[in-house]
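Below is one structure; the comments refer to it alone.
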Amino acid sequence: MASYVHRIEVQYSRDPRLPTRTERFRSLGFPLRELHLVDVYTIATAQRDFSPEELSQIGAQLSNPVVQRYSVDQPTEAEFDYAIEVGFLPGVTDNAGTTARQTIEDYFGFRFGEGEAVFSSQLYLVCGDLTPESLERLTAALANPLVNRVHVRSREEYAGKGMDAITPFVHLHDLQAAGTVDLDLPDAELARIGKEGILDPATGERRGPLALDLAQLHAIRDYFRRLGRKPTDVELESLAQTWSEHCKHTIFASAMDDDVPRGLYKTCIQAATNTVREAKGDDDICVSVFTDNSGAIVFDDENLVTCKVETHNSPSALDPFGGALTGIVGVNRDTIGFGLGAKPCINIYGYCVGDPDTEPALFRGKNRTNPILPPRRIFEGVVRGVDVGGNCSGIPTPQGWCYFHDRYVGKPLVFAGTVGVMPRANNGRPLHEKQALPGDLIVMVGGRVGKDGIHGATFSSEALDPASPVTAVQIGDPITQKKFSDVIVKEARDLDLYRSITDNGAGGISCSVAEMARESGGCHVLLDRVPLKYPGMAPWEIWISESQERMTLAVPEEKIEAFMNLMKRREVEATVIGTFTDTGRCVVEYGGETVMDVDLDFLHDGLPKKHLLTEPVKTAYPEPDVPCPDRLDDLLLAMLKRKNICSKEFISTRYDHTVQGGHVLGPVQGAGRVQTCATLTKVVPGSMKGVGLSQGLFPMYSELDPYRMALAAIDAAVRGLIAIGVPMDTIALLDNFCWCSSDEPGRLWQLKRAAFGCYDGAVGFETPYISGKDSMFNDFSGFDADSNPVKVSVPPTLLITSIGVHPDVMTAVSMDAKFDGDLVYVVGETGEELGGSEYLAHLGIEGGAVPSLDIETAKVRYGRMTDAITKGLLASAFPVTHGGLLVALAKVAIAGRVGMDLAVPGGMRPDTYLLSESLGRLIVTVAPGDREAFEEIFGSDAHLIGRVGGETFRVSAGERTLIEQAVTAMETAYKAPFGGY
Amino acid sequence: MARANNPGALIMSGYGLNSEMETAEALMRAGMASDIVHINDLIAGEKTLSDYRLMVFPGGFSYGDDTGAGNAYANRVRNNLWSDVKEFLAGDNLVLGICNGFQILANLGLVPAFDRDRPREIALMPNRKGVLECRFVTLKPAADNLWTKGISHLYCPVSHGEGNFSCSEETLKRIEREGMVAFRYSRDDLSPAGGEYPYNPNGALADIAGVTSADGKVLGLMPHPERAMEFVNLYDWPVRKERLKREKKPLPTESMNMQFFRNIVEYFGK
């Protein structure tokens, strides 16, 4: 126990953020005059105390005398009404505390030992007359009870003594051993183990859900009957991890109805890739698909690029900041863990959240207990999570989007993706292949293991208890990860110091080691060797903990010394925790006893097969019947202000999109700074090639026509790349299904239709899938304010991400209209397809025809686009998506800060023509001198609808003026909704 | 020049610095080879600072900006390498800090360094908006020195959460009087930003984006010229390209920012 505790408080003399911070909280409805912030470091040591002089030296090390002052064991003096201190709960990652500790260690030349630490906290000094309710609301806005501890004092209580020095150490007393679990039980009791977890003999409580169903539990029971013994808790927890939906994707793998005997993944996703690769023959772009942590395609003769997109939905609902942060740094590890280690070079994000201007009254418990976080809190939290994760890791984050809908209030969707780059070979060794061999040592590098994330993906009430000593929620530590990422990808890999590597994600080492053990044919793990954050963890906890920032490597014995030495020099903790074998078994030892001994075959392939049945859902909606307004000016401005259409530029400027020096076409473009669909980044300095990224997502089409929804997502993702000049034949796709209620036959039918759409779209465009991920139960079950049960399910959501290689970024085309006199064309055909559109959502109408896709025609058109861009005939290009032509044209004009004079053709209602979301279309502008050459390429597929010029956006139909708006007014509308963020 | 067969530049790395590779690339294109050296290898004596002529603290997020951007890394330098650094500064050598590197230099007192004690006299406080700001800015040279030679303006990204230059009135006067302000944030037409966002992206006092040491051999700069070495890296390159095309002028491959790195290389070539 720490015997010496000191508190250092650091404050800005004049805090530059004070006005912004105060204004932000005032805008949230708190009657504050000022909100000051003090950084607090609580230093707890046992082996030595610090003298007053030493404490002053520490204060000087932790502050900047030019603009800050510090106090040692003295409360900060200031004028205020309330003091609110926000610190971390025991066991929560405290990065600032760790940095402060390292600084002190370095300064005094000694090391903190067990039971010694520095804890950071933030002291808010509030000036303002707050009611008790208001103070409570403010406290709730500053802290998350899942990760934070909060202490509040009034001015009077604070006077003289300040705040208490609190040291949130983790105390776990009992050293725990492995136990056995009896599965020879009646089915009802067995099912309870699956649902609620193993009954802990010490506490008498269930340990949390295994998420094993009865058939799976029977298979496990029968397996151990054959072995003639009972399983240990380590074995059962381990099987539950390996067999989880998260790891095995049982819904995509299971047979479905009569027509999908091999399951949706093999029938639709993998088959599409196989078909495309075969058809392309020598032009196949795939290097590695589906089997590794990321997928990979050819970049050039020397390099390949990888891509992976993950979701982190459940954690983000509980702790949006921590959830999104661990989401992005987690998917970075899927890059570092690809092949022998690719360098992360581009991050991708995507957020589906509730409308941040609403505060729905939804609760996890009855009687208004345990409320959900308000959408704005979730939105701002996830934005900040990727901000910290991406920025601190030195990876640019140009590509992303936000989508708002009320059905995401209970469970937000947080997509996080990463592109990596690596040489195809090093000294003749292909870097995308890896193989642990028998005898190789199992090495864990990175952070230590704590109770983080054990059964963390479940919303059990236990996990939500703020008094819980150790949290289930994880906060990432990007700098620890950056340290091992650098040493692995920039040094150890090219020194050939290891034979295989993988990420520790879901299931921790239980999954990563068992997965790598397939390469060698077995493993033998010594669990005692795993470095822990604090003593007292049970073996099953160590085995399945999801503590962040860890990788597992296979290091040949003859290289272990060099490997460990390098890690030490880079201050990266690395530990040998066992040996890869060829015994065909996964063996785990703890305290000299074998606590797990299971056949690898059973571990990986023993789970019983399922056969899923679906039931068609036909939703018949009438075609909308609303008159067309005479003028569309108000409609234009209203559409530009819609949250799914307007600018969210505050995210783009917060996310570093220029680090690594590859910025070509960024997240905002043009003088008017409009957010784009696709981005282009150079990832190899000497090459003029670039990586294009785009995405497509149409959740509002799903309930109407899931097949067409999938085609729309694919088309939008592909078309985004086409618009900047990435050719079709370099494009690969990634699929992320975020479904709801996937145990209901209707939802499964929608899933099947969407998967069929995925097959047809990818095969039609000849764009293979290289990686994918699914998350099948994005449902919130809780209560409304009157304690009535409520279920809120996300709309079936499919994100398609496209990645392609631009042959010469110098020919790339941006979205902004450029010069007066340029011609404006719509390329492609517009149909009466308003179903699921932003226009009908604006009118509050559900229904209508979802856009269909003629892939063959689109493919010919996209080939012509590439031809025109290569020839330099386009001044700008932009795909038409959410909000139709009207929104696309407006964005092109706003981006260029130039007017347009446009005429809509006859034959269709002007509002239908302007707001239909027909697929396959692009807006392009062309210099008058290039008209002939341009029209020769496109023929009748390009429709000239007007010219660029002036400062007004004018649209007419025959003699009738529909719109006449200053572009500046449009820009103001486009940027208004999130102007205060 | 540097000793035979040795690169001239040492670029620091480790603990979350992250722009070492593009900084090495920019110097290489300007004609100077670099070694990227982990600070622990310097501390352990595996590499020696005096083997180099240019020391660069590149951009990054060392220690996650905890305890103040650049502060913890500066402490590590001061606590372990201080005498080597002082010796290096005494020679005919240059030190460059970009972004996080500038924050480290400020915390080390290597700028403004009016005297040999090098106390901390300037600070890069959190941006006025309280969040990281990533956008292109226009920089106008404010002094005629080795770093700014031949530069009419730079156009490159800022990307930092703490770049809000601050110091006492007295220090500011002295820095300005002695011509130590190297670059200021300005508007597109090169008139002063006057503190106005977004031209001055962080609230920096007197629009200061970069300062040198009193002896001129150390430069700290918040924006990142190394992130916009090429024409296609510039925010507005597509419209520049279209204009040049229509004027039937050739398209450049490099950006104006390369002159900054050429100046460094030319200094050693003198």
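Every residue gets a Cβ built from N, Cα and C, even glycine.
The model shown is predicted, which means the values in this text are computed figures rather than measured ones.
Annotation comment: TrEMBL describes A:His246 as active site. In the structure as shown, the Cβ atom of A:His246 (active site) sits within 10 Å of 19 other Cβ atoms. Under the DSSP three-state reduction, A:His246 (active site) is assigned to helix.
Residues or ranges marked as active site, proton acceptor by TrEMBL: A:His312. Taking the Cβ of A:His312 (active site, proton acceptor) as centre and 10 Å as the limit, one finds 26 other Cβ atoms among all the protein chains shown.
The 10 Å shell around the Cβ of A:Gly772 (ATP binding site) contains 25 further Cβ atoms across the protein chains shown. Annotation source TrEMBL lists ATP binding site at A:Lys308, A:Asp735, A:Gly772.
As annotated by TrEMBL, Mg(2+) 1 binding site applies to A:Glu310. Classification of A:Glu310 (Mg(2+) 1 binding site) by DSSP places it within a strand. For A:Glu310 (Mg(2+) 1 binding site), applying a Cβ distance below 8 Å and a minimum sequence separation of six or more within one chain yields A:Gly327, A:Gly330, A:Val331, A:Asp334, A:Phe415, A:Ala416, A:Gly417, A:Asn736, A:Lys773.
Neighbours of A:Glu546 (substrate binding site), defined as other CB atoms within 10 A of its CB across all chains, total 28. If you look up TrEMBL, you'll see A:Arg333, A:Gln474, A:Glu546, A:Ser547, A:Gln548, A:Ser775 marked as substrate binding site.
The number of other CB atoms found within 10 A of the CB of A:Asp334 (Mg(2+) 2 binding site), across every protein chain shown, is 28. For the recorded site, A:Asp334 (Mg(2+) 2 binding site), the DSSP three-state label reads helix. Sequence annotations record features per position, and here TrEMBL assigns Mg(2+) 2 binding site to A:Asp334, A:Asp503.
Residues or ranges marked as domain 'Phosphoribosylformylglycinamidine synthase linker' by TrEMBL: A:208-249.
Sequence annotations record features per position, and here TrEMBL assigns domain 'PurM-like N-terminal' to A:292-422. Here the domain 'PurM-like N-terminal' (A:292-422) is broken down by DSSP into helix, strand and coil counts: 45 helix, 42 strand, 44 coil.
As annotated by TrEMBL, domain 'PurM-like C-terminal' applies to A:438-590 (among others).
Among the features that TrEMBL reports, domain 'PurM-like C-terminal' is placed at A:821-951 (among others). Sorting each residue of the domain 'PurM-like C-terminal' (A:821-951) by its DSSP state yields 55 helix, 25 strand, 51 coil.
Near A:His246 (active site), with the C-alpha within 10 Å of its C-alpha, lie none of the recorded positions A:His312, A:Asp503, A:Gln548, A:Asp735, A:Gly772. Most other Cβ atoms within 10 A: among the binding-site residues A:Lys308, A:Arg333, that distinction falls to A:Lys308. Stretch with the most C-beta contacts under 8 angstroms to the domain 'PurM-like N-terminal' (A:292-422), considering only A:208-249, A:438-590, A:821-951: A:438-590. Cα of A:Gly772 (ATP binding site) to Cα of A:Arg333 (substrate binding site): a span of 16 Å. For A:Asp735 (ATP binding site), the spatially nearest entry among the recorded positions A:His312, A:Arg333, A:Ser547 is A:His312, judged by CA separation.
When the Cα positions of A:Arg333, A:Gln474, A:Glu546, A:Ser547, A:Gln548, A:Ser775 are compared pair by pair, the longest gap among these substrate-binding residues is 21 Å. Restricting the recorded positions A:Lys308, A:His312, A:Asp503 to those with a CA within 10 Å of the CA of A:Ser775 (substrate binding site) leaves A:His312, listed by sequence position.
The closest partner of A:Glu546 (substrate binding site) among the recorded positions, by CA position, is A:Asp503; the full candidate set was A:Lys308, A:His312, A:Asp503. Reported as a whole number, the C-alpha separation between A:Lys308 (ATP binding site) and A:Arg333 (substrate binding site) equals 10 Å.
In this structure the alpha carbons, written CA, of A:Gln548 (substrate binding site) and A:His312 (active site, proton acceptor) are 13 Å apart. Within 10 Å of the C-beta of A:Asp735 (ATP binding site) there are 28 other C-beta atoms, taking all protein chains into account.
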